[in-house]
Amino acid sequence: MDGLLNAITNLNEVLWSSVLLVLLLGTGIFFTIRLKFVQVRKFGEGFKRVFGGINLRGKKAGKDGMSSFQAVATAIAAQVGTGNLAGAATAIAAGGPGAIFWMWVSAFLGMSTIYAEAVLAQLFKTRVEGEVTGGPAYYIKNGIKNKKIGGFLSVFFAISCTLALGFMGNAVQANSISDAFNNSFGVSPLIVGIIVAIIGGFVFFGGMGRIASVTEKVVPFMAGMYILVGVIVIVMNGSELIPAFKAIFVGAFNPQAVVGGAIGITIRQAVRYGVSRGLFSNEAGMGSTPHAHAVANVKHPSEQGSVAIVSVFIDTFVILTLTALVIITSGALNEGNLTGIQLTQRAFELTLGGFGDVFVAICLLFFAFSTIIGWYFFGENNIKFLFGKKGLTPYRILVMIVVVVGSTLKVDLVWQLADTFNGLMVIPNLIALLVLSRLVVKATKDYDELKK
């Protein structure tokens, strides 16, 4: 088993330290140029649609899809997960404060990629047994002209996505919840897993309508709660805020000037960990969030594309950045070899005392559970693609079992396998995005003409 773990870890090291990062960043640069900085041009419209359009919460979600707000809430539910609490900490610990700058760069470029994903998801959405559905598997199969290649890549994507998110990813999320509650409150991981599975099952079996109803309520609450307390911590450490930003910008190009030469962090490490943790968190280009954007009720595909841009902004520029500033201003980096969620917990604890540790555990529950819902939904769309609606009941039961089992296991191997299948998702998705880029450009120009 150790040999298998080492082999998969080495494979992921190659995939995620060079190959996929270059592909994802390259695609982001391509769409940024091809769409004339769409992430800047459409940001204002997307912001208004997410925060200013109460009517977007509209009618109850069902067979005809969900509102634009519900769709972006479902996407953010998946994006804003444990990576927002642990990802920034891991990036800073491994790449220094400068990694945050490169996280911002990757997110900025990723905004154009996720716009393209959302537009294509809208263009190629369809109905399966009367219910609106969509996602990369559909635009890969129906968009690529060579039917054999499109058919193979779409099935390859659907299987990889279901394994990476619906099963392995959700096992890891459940494990994060059980670990946090076991460490903070002494609750048995098995009990936590059973409770999470039961609540999750209630949402799963309620279908798209219940998923939309839960995410549109949970996401604003959990994000608002975390932002409020995070801002309080930063204000309490206000004298360290300007030095924190200096550390981020100086560390991006001269890490040793910030962390000291003895630690040996290089610019390459700052770039690598900043970019990889950012992409893992906001999921731009990975082919996950298009499943949510596909089912949004909008008049034009570009409208949902603008909303998708804002989801990356919220995930990376707001929540991940907030976590980073809490860590840097609190002095937690001086505590030793802490990383991941332990570093984030320590940062809040140093400022807020025992409440900080409990607060992070509660946030972890909301963040991880919302991700379980989002990733379940993404897997559901691919199960419908592969088997039709008859595959949903077995899938729902299996995900509940995975949540319980994942809560009780050491998940190093599962986490590495999830990373591998995440990488396998990316490749067919990026191929389709680039091949079908002309359709994204055409839809964008069409919408721009309508707006004149």
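Including glycine, each Cβ sits where the backbone N, Cα and C put it.
Copied over from TrEMBL, here are the features:
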type     : residues : note
TRANSMEM : 14-33    : transmembrane segment
TRANSMEM : 69-93    : transmembrane segment
TRANSMEM : 99-120   : transmembrane segment
TRANSMEM : 149-167  : transmembrane segment
TRANSMEM : 187-206  : transmembrane segment
TRANSMEM : 218-238  : transmembrane segment
TRANSMEM : 244-267  : transmembrane segment
TRANSMEM : 307-328  : transmembrane segment
TRANSMEM : 358-378  : transmembrane segment
TRANSMEM : 398-418  : transmembrane segment
TRANSMEM : 424-441  : transmembrane segment
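Below 8 A, the CB atoms of the transmembrane segment (69-93) and the transmembrane segment (187-206) form no more than two pairs separated by six or more positions in the chain, fewer than 3 in all. Scored on C-beta pairs under 8 angstroms, the neighbour of the transmembrane segment (358-378) with the top count among 149-167, 218-238, 307-328, 398-418 is 218-238. Touching of the transmembrane segment (307-328) and the transmembrane segment (99-120) is concluded from the presence of at least three CB pairs under 8 A, sequence neighbours closer than 6 excluded.
Highest Cβ pair count under 8 Å relative to the transmembrane segment (149-167), across stretches 14-33, 187-206, 398-418: 398-418. For the transmembrane segment (187-206), the residues of the chain that approach it from at least six positions outside its boundaries are 174-175, 177-179, 181, 213-214, 369, 372-373, 376, 380, 396, 399-401, 403-408, judged by C-beta separation under 8 angstroms.
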